Amino acid sequence: GESLWNEKNLFTGCVDVPLTEKGVEEAIEAGKRISNIPIDIIFTSSLIRAQMTAMLAMIQHRRKKVPIILHNESEKAKTWSQVFSEETKNQSIPVIPAWQLNERMYGELQGLNKQETAVRYGKEQVHEWRRSYDIPPPKGESL
């Protein structure tokens with residue numbers, strides 16, 4: 001779904017920006033489209049926009065299982081987010097957040113306006129940074 005920075009045409013990358021109202025609507029619509037597909041587990045990035053999308057989509061699922069984020073960042077987080085009731089577990093879908101699924105880190109482009117960046121560095125250069133597997137944005141990561 002659309003994030004607040006997508007709406008403003010800003011590079012987002014790994015900055016943890018939430019969904020817009022339109023993004024919420026898109027996530028709900030996506031959920032309707034996948035509502036009949038059997039789903040037993042969900043993997044999502046650690047970014048709130050991805051987690052919001054997963055949660056909102058799963059609310060639409062025909063099985064009506066409750067998506068529950070399993071926190072694995074520490075032993076305490078694992079223990080505190082654990083569900084002890086087998087019945088409740090059977091009515092749940094585990095959601096596994098993983099930073100490895102986060103969007104590409106755009107480095108010094110994060111937070112910049114995409115159009116202004118294209119004017120400053122040239123359209124071809126920005127396209128190369130965004131789409132190349134081996135040429136990262138300044139101080140960003142390659143794919």
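Glycine is treated like the rest: Cβ placed from N, Cα and C.
Any TrEMBL annotation is an automated prediction that lacks curation.
Marked as substrate binding site by TrEMBL: THR12, GLY13, ARG49, GLU103, ARG104, MET105, TYR106, LYS114, ARG130, ARG131. In the three-state DSSP assignment, the secondary structure recorded for ARG104 (substrate binding site) is coil.
Look at the Cβ of each of the binding-site residues ARG49, ARG104, ARG130 and count the other Cβ atoms within 10 Å; the largest number goes with ARG49. Other Cβ atoms within 10 Å of the Cβ of TYR106 (substrate binding site), summed over all protein chains shown, number 22. Other Cβ atoms within 10 Å of the Cβ of THR12 (substrate binding site) number 21 in total over all chains.
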